[in-house]
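Report on one structure; see the data block that follows.
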């Protein structure tokens, strides 16, 4: 059987019009397409390099979320120890997400130039010292600084999404991005449970409250350090290998910063998604910073109870964001890219409406908890739907487009907290209500996104436009002659489903390389 499989390969290559390579092709346990991207998603597999990259990326991002939001669950204790004012707390919340604005853009560029493995591990290790320093803060300014520098680690989200977009085929990229991002975001919910439990455990050992909350910060610090080491030791940038190896062998074009930047900033679709992402993921970050304290102060619940309620918001990511990615892929299979766009607009708008309701039912503890949980599902699903679209905006500047979109999420968080939750200008419940109105308004620009080859929400595709033509515009004629655009062309071939059912039945053929016994 293995011999028969080996004999079929040259014939298949002749049909595709290519010559047999001189060296053996990559061998994968998981089925792949003509671009070596996985066509299936084996959630509980560690098959290298596709599924191992998935598990490394979501876990490292999870650890960064733990570190960034380790302080809010213990804020009543930190507030009393350091004598923090409402303004101090608001400034620190803004600082925790503002640093990642530029870090995410830089991370996207780094992914394009050196690969997601080195980019991710570097930012995680560089921000780890700030996590440990959280245990020695003694003033409002030092509290702000450690939250600011720890927040840079959230840039690892960009490498997570870039990595998944490099490992999984177009029909599965929404699901892969959704699960990786969603499970990483679980850290924002898990930390609401973890930190109070760690604090209580340290207290029972005999520590004073003054010392216990400080020692608790070593847990997220150690986890973050270990995740970076695992990424370096077991990660792989692309299905074919790491960037350095591929650049040396000529298997990948070594691009320049100028070209990557130019094709990203001139693509208006990236800017629209950055804006809209600011009011799904940005809102999620804002809520992570305020929700525990809100329930603690508004309804007088215990610290552990407030942490559990806040955890339920973040923990919804285990199914909500992956559900958004899965919905994006399902809508694509039926309606193409237009389905992805409509799905994002509807889900995010409903999330905005629920946010308004959450700010309105502040008179009832039970209603507030119920609406908050429902709201979390929609706002987080919108994040998954967003990154079901991002991989199609650009191939040459995929990392930077991902960084711009991710950075937009942090900008939204900063503006939201600065406007609605900074100082005492608004009561928290009033700020939540206005935040919902902002979500609804800032979701409208999705209607402006249009792909010539696939169409937009209200307009169909332009006659004669093709995906290959769209992606080839990022390459000069000379670069195309040298074959630098090969990856873009293969991606265009495998994106045929984005034209909807009629597009998937067109004359274009996608060559899928399945795993045979000889390749396992």
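Just so it is clear, glycine is given a Cβ too, placed from its N, Cα and C backbone atoms.
Heads up, TrEMBL stuff is auto-annotated, nobody curated it.
Feature annotation from TrEMBL assigns region 'Disordered' to 1-29, 494-520. Summarising the annotation, TrEMBL assigns domain 'Major facilitator superfamily (MFS) profile' to 53-448. Taken from TrEMBL, the feature transmembrane segment covers 56-77, 118-137, 143-163, 175-195, 215-235, 270-287, 299-320, 341-361, 367-393, 400-420, 432-451.
Contact count against the transmembrane segment (215-235) (Cβ pairs under 8 Å) is highest for 118-137, out of 118-137, 143-163, 175-195, 299-320, 367-393.
The stretch in closest packing with the transmembrane segment (175-195), judged by the count of Cβ pairs under 8 Å and taken from 56-77, 341-361, 367-393, is 56-77. Taking residue pairs at least 6 apart in sequence, the transmembrane segment (299-320) and the transmembrane segment (367-393) share three or more C-beta contacts under 8 angstroms. Residues 89, 92-93, 96-97, 116, 120-121, 124, 127-128, 131, 134, 143, 147, 150-151, 153-154, 156-157, 159-160, 163-164, 179-181, 183-188, 190-196, 199, 209, 213, 216-217, 220-221, 223-224, 226-228, 230-231, 234-235, 288-290, 292-293, 296, 303, 307, 310, 314 of the same chain, all 6+ positions outside the transmembrane segment (56-77), place their C-beta atoms under 8 angstroms from a C-beta of that stretch.
In the predicted model, the domain 'Major facilitator superfamily (MFS) profile' (53-448) has a mean pLDDT of 87. Away from its own ends, the transmembrane segment (400-420) comes close to residues 90, 93-94, 97-98, 100-102, 104-109, 111-112, 154-155, 157-158, 161-162, 165, 260-261, 264, 267, 270-271, 273-283, 285-286, 289-290, 383, 386-387, 390, 393-394, 426, 430-432, 434-435, 438, 442 of its chain (Cβ-Cβ under 8 Å, at least six residues beyond either end).
Counted over residue pairs separated by six or more positions, the transmembrane segment (341-361) shares fewer than 3 Cβ pairs under 8 angstroms with the transmembrane segment (143-163), which leaves the two as not touching.
Long-range Cβ contacts of the transmembrane segment (299-320) within its own chain (Cβ-Cβ under 8 Å, at least 6 residues beyond either end) map to 69, 72-73, 76-77, 182-183, 185-193, 195-196, 200, 287-288, 291-293, 365, 368-369, 372-373, 376-378, 380-381, 384. Beyond the transmembrane segment (143-163), the same-chain residues lying 6 or more positions past its ends with a Cβ under 8 Å from any Cβ of the stretch are 53-54, 57-58, 60-61, 64-65, 67-68, 71, 78, 82, 84, 88, 91-93, 95-100, 103-104, 106-108, 110-111, 116-117, 119-120, 123-124, 126-128, 130-131, 133-134, 137, 177, 180-181, 184, 224, 237, 387, 390, 398-399, 402-403, 406, 410.
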